[in-house]
């Protein structure tokens, strides 16, 4: 028996070894010595898309440099219900904000993906596009109609591969098939684990109507109302940019090399024929620099796809940013670009939780959880294929609200919500037991923060000021969300639940107590955007032109969430996929 087990183990080890693609390596010397046409810094949500699309041209050699490890074999990333297990691990950058004045000087954690696939490998898998007005506002701000909803929708559909949920139930009436892509790379589906709360939510939407009226598909460009959540899950597994765009059939391409566990430390200036400073050389190191530093130069372009924190930080330590801030941090300024690191936008959110006066829910035992995991391993079905939320509502503050007496509207248009409500109910995760939760989220806040370089070393994390609740509108919007939530749970369908509000305040709390409680619990919705924003070509503000080339610089482009001039009313991965798909075409067109 012992020998048999040893043989089995050696066979398994051989299978694992052979399954590791040669295109993914941890040392640059493992690759053939080639000249790269494009070097992509960051193998995350956008970077993986670029790597795939650019290597469709066999004449172009592409190198991806990712600081984190490979996504392959990471169970907590593969199993949809395990996603929160990845926080505070090696697969998370483990960023923490500066003390937030709007949150009683609390610092907040901001999880960011530190592995191939980036945040698409560790996020909650919500697939929400935002409103058509969101993208039309991008087009107006940039002067480029290519960023409009009409012109970006083909790229949204190009990314998406709609599929049935793993429970294979009849989903007619739960989505609009005409607004979804069938042949893309990222799987998108409806929820796969129906819960008792679902029918209550939809019954309440039917009873109350109005702002809560049923919306068959909140991803049509008109998200307002209550609808079923769509998620990046396919065949019972998370679908990330790594699983979709760096799948084995693409990693076989001889012109694609993916380097993991290597940290880009700065961009180096190179010669230029345009008169502008060029940055086509990337300096990087294995781990924390213990193994020495390496350099690679792109023949065409370096593309920064390191995310809303990583991208501005790399720019700043490379001498691109606000000259005064760079000098103060001991960095020699090369390109004065004050917008780098500014305009940081994220959605403040918190949960309201009720205890249930019925015993309809339960806390899973370890034995039951083991059975679920066994089912997932065997069939990719069962409770672990769910993400913990099945439905959402998007609501807009009425024009008649006194909020507008003192505040301007931060949203992009009349089809754009101010508030997102996510229903977390009496189910498996993350609220087990006899409780129900609803998340209150400001979809498009007024508050802004910033990313500031701390020193000339990339290993000194930047100062991240999220700016949460620094603008009074955002608190007013959260309080409007509370009013809407209370109205929603007052629907007759919830009477049998005998709800009792227990967190973070009670039904007896005063307005002062409610506001104090909000400041004590609000967190980031972990959708930071805008720190290297697009603007019109020739504008003195902004970090990139509409074609995503860094202003005043040659050979450098940015493709990730940092280029968004305004946040979309969404969980932002769908928008990032669209940005990356369009950017791939723009880059290819400019070098054909």
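From the backbone N, Cα and C atoms, a Cβ is placed for every residue, glycine too.
Curation does not apply to TrEMBL; its annotations are automatic.
Straight from TrEMBL, the features:
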ACT_SITE  527  active site, proton donor
ACT_SITE  571  active site, proton acceptor
BINDING   264  FAD binding site
DOMAIN    307-321  domain 'Glucose-methanol-choline oxidoreductase N-terminal'
SIGNAL    1-19  signal peptide
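Where TrEMBL records a feature, it is marked here on the structure.
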| residue | record | Cβ within 10 Å |
| --- | --- | --- |
| 264 | FAD binding site | 25 |
| 527 | active site, proton donor | 26 |
| 571 | active site, proton acceptor | 27 |
Sorry to bug you, but what's the C-alpha spacing from residue 264 (FAD binding site) to the residue listed as 'active site, proton acceptor', rounded to the closest Å?
27
Hey, does DSSP put residue 264 (FAD binding site) in a helix, a strand, or just coil?
strand
Report, in whole Å, the straight Cα-to-Cα distance of residue 527 (active site, proton donor) from residue 264 (FAD binding site).
23
DSSP says what for the domain 'Glucose-methanol-choline oxidoreductase N-terminal' (307-321): how many helix, strand, coil residues?
11 helix, 2 strand, 2 coil
